[in-house]
Amino acid sequence: MSETTNTNEEKRKPPLNGRRALPSSNSNDEENEVPEMEAFGLIPRGFNPKDYLRVVDIHMFKEPHEINKQQHHTDKYYSPKLIVRRGQPFQIQIDFNRPYKPETDHFWLEYLIGRYPQQNKGTYIPVLVGNMLKPGEWGAKITHRENNSIRLSIMSSATCIVGKFRLYVAVWTPFGILRTHRNAAIDTYILFNPWCQEDAVYLDDEKEREEYVLNDVGIVFHGDINEIKLRSWSYGQFEENILDACLFLMDKAELELSGRGNPIKVCRVASAVINSRDDNGVIAGSWDNTYTYGVPPSAWTGSVDILLEYYSSKQPVRYGQCWVFAGVFNTFLRCLGIPARLVTNYSSAHDNNANLQLDIFLDDEGKVDTKITKDSIWNYHCWNEAWMTRPDLPVGFGGWQVVDGTPQETSDGMYRCGPTSVQAIKHGHVCFQFDAPFVYAEVNSDIVYSRREKNGTQVIEKIDKTHVGQLIVTKEVGGDGMLEITEEYKFQEGSEEERLALETAVMYGVKKQTTQNTTYQPQTDVDMDFQVQKAVLGSDFKVTITFRNRSRNYYTVTTYLSGNIVFYTGVTKNEFKKHSFSVKLEPSSSRAFDVVIKSSEYLDDLLDQASFHFFVTARISETGKILAMQKATVLEIPALRIKTQGEMVAGKETSMTVEFTNPLKKALENVTLRLEGPGVLRTMKKEFRQIPMNSTLIWEVKCIPQRPGLRKLIASLNCDALRHVYGELNIQVQKP
């Protein structure tokens, strides 16, 4: 029997390696035993701890209306514990069993984190009481003494670990140290501090701090460049248990506690743990339109449900696509106090071999050869920017950094991306860590259309230098409008600076394929363009193709239009429309042709985002030259309507309705509705078996709003035939 108990003991001990005396400390959750009496040697028989100064109670001033949470901008966190930001003083009060005598009594505070607290790692922090506080360094001073109580002002270091600390008060006696017992109620969370100049995430504009740290709802721009759409997303970084869930993500990523004060490290490990590839992270991605045993990406209305489900199940939550990864990442960053925003890049290049060109191969008829075309252009791609200094890079590369949790390519062996300095991308300095070449390609690639002739030579038909990354946007500060930030990422298209930045990027090793052994002579005789009519889901629309013959010759042009249903990632699901026709062009003249697309042709195969991709290729019979052009387009999807009855008062029950009219020429089956609003109601779900064609569904919801102020309700509707249906409403919740 003794044999087995022994091996169990062995198992429980963490494995030691030869290089370090203590195992690595990478869990905020684990604790060590701290002795309440630490004797210096033999204790004399007459020693009675009660003769010495003893702590009776500790007051943390941790209520939302009290001084600490007010001054530290943490009053919105739905948590009973003290939450402060680093590098800024906070107050506590200690009640002793008798008045404190500074001449003879010695006490200090101890902040501990993790299972192996060590002073040199910043995981054991003794805080001595002195006469003054130094900015950005640990210290404490007494601000007030009354009867048996003292008030302390405590300063934390502006570089200290971000996480949940345990607090002990230690009293010195001649025979040993007496400590307070373990008390979870006085645990203290310490966060990043964008209000503190010494902090690496310091942001100097109050309006921006309110938006990028304190705003708990945001906007995701999606659709495509010609049809920009927006939807709200509830970040909910202050909701109950979300802070603990975010700290758990760092434990899951096994980030050493000593690295958790560094926003660069925090962002890098988070970009890996947000997706489930290679580390069982938060969200499993799915881009194939089948979402068995999970929630379709378009149905989520915010991050809270996802983070709480992951925190309790410890298993990846199904399913996400880029805006879901970015939405959850934004919650994580804002929750910990790192200023962050969600960014959308329209026509985003997913360049498989990072050679700064997207290769689209045509067959001899001018159609795209899907077998050998590996690169794809996403209608849009969402990532995040986090604000921080970059002491690891030369001066000038701090500020906004790209971080991306969507699994696209591996970086140092894991699916993660960033932080990459936006400034470095703009100037082409892609040698600076992390992942700059990949991000540079996402916003700067050229699209090269090439065709292989019968004899094997490759002919480049067209190079499009302006299609990729033509618009990069984020939500404006303090409003719901769109802020264009394209010029933060690139210089004016075609400018001297832009060419220079490209040459710099190539010099620093971004592969730019040379176009040897390929011939490229652009043809200038005939211009071709096409326009897709804006249309609502379920209706017919037309594509208009125009030719302009600039030459003095008569030409015959054979034209081929291919309409494809695509994932928003630019990957084709199937071709639903083929149309060929022949055109006679008079010298120096223009002609336009309409091709009608009927709803019956596309409705059965439509995917999530109602995205189409049209290729038009045309061959001039007389010269053999090819014209090629492609465009993505998105149908308009009808919205949900949210209505409220009467005025809303915090703490009083109120009712609201969500309405939707089915636009399709068929019934919708198995419809799921979701409604949420941070501070108003937790996510509610309702299933409907069927909504007949042209009929209206009405769902009534009752709730009790918690917090007064301007709030937002966000709703989504989901079923197999129709996804990405959203609605939102700004509401004013009155004080009771």
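Every residue, even glycine, has its Cβ placed from backbone N, Cα and C.
Note: TrEMBL annotation is automatic and uncurated.
Residues or ranges marked as region 'Disordered' by TrEMBL: 1-34. Residues annotated as domain 'Transglutaminase-like' in TrEMBL: 314-407. Per TrEMBL, active site is recorded for C322, H381, D404. Residues or ranges marked as Ca(2+) binding site in TrEMBL: N444, D446, E493, E498.
Location within the structure of each feature annotated in TrEMBL.
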residue : record              : CB count, 10 Å
C322    : active site         : 27
H381    : active site         : 29
D404    : active site         : 30
N444    : Ca(2+) binding site : 23
D446    : Ca(2+) binding site : 19
E493    : Ca(2+) binding site : 11
E498    : Ca(2+) binding site : 17
Candidate active-site residues C322, H381, D404, pick with smallest Cα gap to D446 (Ca(2+) binding site): H381
Overall pLDDT of the domain 'Transglutaminase-like' (314-407), taken as the mean: 90
Candidate active-site residues C322, H381, D404, pick with smallest Cα gap to N444 (Ca(2+) binding site): H381
Candidates C322, E493, E498 (recorded positions) with Cα within 10 Å of H381 (active site): C322
Inter-residue C-alpha distance, C322 (active site) and E498 (Ca(2+) binding site) (nearest angstrom): 28
Environment of N444, D446, E493, E498, the listed Ca(2+) site - residues of the same chain whose CB lies within 8 A of the CB centroid: K465, T466, V468, G469, K490, G494, L502
